[in-house]
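Enquirer: Attaching a single structure in structure tokens format; questions to follow.
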Amino acid sequence: MYPPPPPAPHRDFISVTLSLGQSYDGSKSWRRRSCWRKWKQLSRLQRNVILFFLTFLVLCGLLSYISVADQWRAVDGRSAEERKARPADPPVLPAPQKADANPENSPGLLPQKPQRHFRRGPPNLQIRAPDKDSKDRRQDDTRRRDEVVGDARQEDSTQRTVVSWRGAVIEPEQGTEPPSRKAEGPPTKPSSQAPGIQNQPASPNERQRAVIDAFRHAWTGYRKFAWGHDELKPVSRSFSEWFGLGLTLIDALDTMWILGLKKEFEEARKWVSKKLRFQKDVDVNLFESTIRILGGLLSAYHLSGDDLFLRKAEDFGNRLLPAFQTPSRIPYSDVNIGTGAAHPPRWTSDSTVAEVTSIQLEFRELSRLTGSKKFQEAAEEVTRRVHSLSGKKDGLVPMFINTHSGLFTHMGVFTLGARADSYYEYLLKQWIQGGKKETQLLEDYLEAVEGIKRHLLRRSEPRKLTFVGELAHGRFSAKMDHLVCFLPGTLALGAHHGLPADHMELARALMDTCYQMNRQMETGLSPEIVHFNLYPQSDRKDVQVKPADRHNLLRPETVESLFYLHRLTGERKYQDWGWEILQSFNKYTRVPSGGYSSISNVQDPLNPQPRDKMESFFLGETLKYLYLLFSDDPALLSLDAYVFNTEAHPLPIWAPPRVG
């Protein structure tokens, strides 16, 4: 007999029937009971999985909502409280008249009634825009607010580009729209406390008209071949990008206003309104973007009174703040303005001292205008920490500082050239900006000037030119960057504001040297770096140039100091020297199709070797200082009312509030 077969294994089945049609009896209650029955028939595991999935979807939705809300708040750039706290109108220069206008037809620049909406400039400097523009601007207020919201929507879809600030030239697609020829241009005027703009401004003189011609030629090339991009490549008639933010255009806004180029200013303003977007995945250098973009927008706002520029400045300032989030509060060199990720250069964790100490004028002014202290606090914390550091030599500072430890690195090397120069400039200018109240800044500046005299000052042979060299571990080098030619102007400015008279004497001597750095070159243009002869018996000239240093980048430092020296002494020779330099720029760097090009060899007038690049500072600084140098009116951007940042963007000096 065979044994009985084993019993079949017991199996449980779950049957789920989904009905896509109507219920059998058409009743809603039946459908509810059917769904509940089907839910109960699911296993516990299946129900848990479904519940987990639904919970996950809800959480994702909440997080997405929070993220979108944050982006909208960032685009708006300020809270309701900050709007209430925002102070009154800035000082404004008169609306630019056309460069070739007849002065008899120029509108008067008498003070007008104040506007309905106030923003804060230095007290006693609040002037209304000309009446002819005020109506248009009131009509545009609503439209401009809508543009900000529209900007935010378009920013999210902006194509991502990664551009390194360290010199990598990226050629974007040639797709930028050409400029429109229409825009709204506002008003303005400077200090009533200091000498103000004359009531009936004189038309440009012959030399100023030459500067206007040079600017228009440069602008023509930029407008044709690089509109909306960072820099013009005039020889190849193309462009290069650094940050992808229209660097040349923003750097030149206040120059156009000062030169009276209203048409050019208006089309540039329209580009800023319609095309300038900061929501993009790109690294910017904190220092360069602060002095050029933030400084340019703030200056354009002060000169024109146009609120568009302040809104853009505040948005950009907020995007730069993550750079300060370091263990030491010394900011990183780079920050991504789209993601907020900040970092040092790839090869080091150090920042340069000049970069972290030359952003204070702009961040302090942004706080004063917006009522938000975070910008000023971040920048001034850097100043306080650098003030207290050891490693200085009689007020002279090393070139590098570590963002983690907050300490100087590469000790024992002292220069007034690259990586340290504007540290000294901003000590003085912050003191002036703040109404000469911050004695710590003044003390650091005065100590540094004495350190320069003691350790870095020498005289060349055979002409006994006074120059500023470098010190490396106790060893002196007779090397001087063209960048150091900012120093005569800074010393003269300090003397004008009550500092020792021997500062002006040193300024005069160094100004002669900087002029010779240009004059002794065959093209009349200074090289990037020179070395001075210290040996009296040699047959060499005072100024020596090495092959790797003989390029000229269209830098402004010599004409910057010529402006200060002429403005503060009245001596015509400084204007004549500047005229020679302008003629050399026109002869050796002007490109026929439009624009000016840096050159590789200042010692070869037959073949200066164009480098095919027009730096933004040629329009932002060099031509602006030349125009101001050739003016005989000390009230045009009075040095008692304005302080220029290191990119030549004028910002108002803070006057004490009126009493009573």
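Heads up, the Cβ atoms here are built off N, Cα and C, so glycines get one too.
Not my notes, these are from TrEMBL:
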ACT_SITE  Glu288  active site, proton donor
ACT_SITE  Glu528  active site, proton donor
BINDING   Thr646  Ca(2+) binding site
COMPBIAS  190-205  compositional bias 'Polar residues'
DISULFID  Cys485-Cys514  disulfide bond
REGION    80-207  region 'Disordered'
Enquirer: Of Glu288, Cys485, Cys514, Glu528, which is closest to the residue listed as 'Ca(2+) binding site' if I measure between C-alpha atoms? They're all recorded positions.
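Expert: For the residue listed as 'Ca(2+) binding site', the spatially nearest of the recorded positions is Glu288.
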Enquirer: List the Cα distance (Å, whole number) between Cys485 (disulfide bond) and Glu528 (active site, proton donor).
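Expert: Cys485 (disulfide bond) and Glu528 (active site, proton donor) have their Cα atoms 11 Å apart.
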Enquirer: Using Cα coordinates, what distance in whole Å links Glu528 (active site, proton donor) and Cys514 (disulfide bond)?
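Expert: Taking the Cα atoms only, Glu528 (active site, proton donor) lies 12 Å from Cys514 (disulfide bond).
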Enquirer: C-alpha of Glu288 (active site, proton donor) to C-alpha of Cys514 (disulfide bond): distance in Å?
Expert: 24
Enquirer: Restricting to the chain of Cys514 (disulfide bond) and a gap of 6 or more, list residues whose Cβ falls under 8 Å of its Cβ, or answer none.
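Expert: Non-local contacts for Cys514 (disulfide bond): His482, Cys485, Pro488, Ser526, Glu557, Thr558, Ser561.
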Enquirer: Specify the count of other C-beta atoms within 10 Å of the C-beta of Cys485 (disulfide bond).
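Expert: A count of 28.
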Enquirer: Is it possible to get the count of other C-beta atoms within 10 angstroms of the C-beta of Glu528 (active site, proton donor)?
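Expert: So the Cβ neighbour count for Glu528 (active site, proton donor) comes to 19.
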Enquirer: If you count the C-beta atoms lying within 10 Å of each candidate's C-beta, which of the recorded positions Glu288, Thr646 ends up with the smallest number?
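Expert: Result for the recorded positions Glu288, Thr646: minimum number of other Cβ atoms within 10 Å at Glu288.
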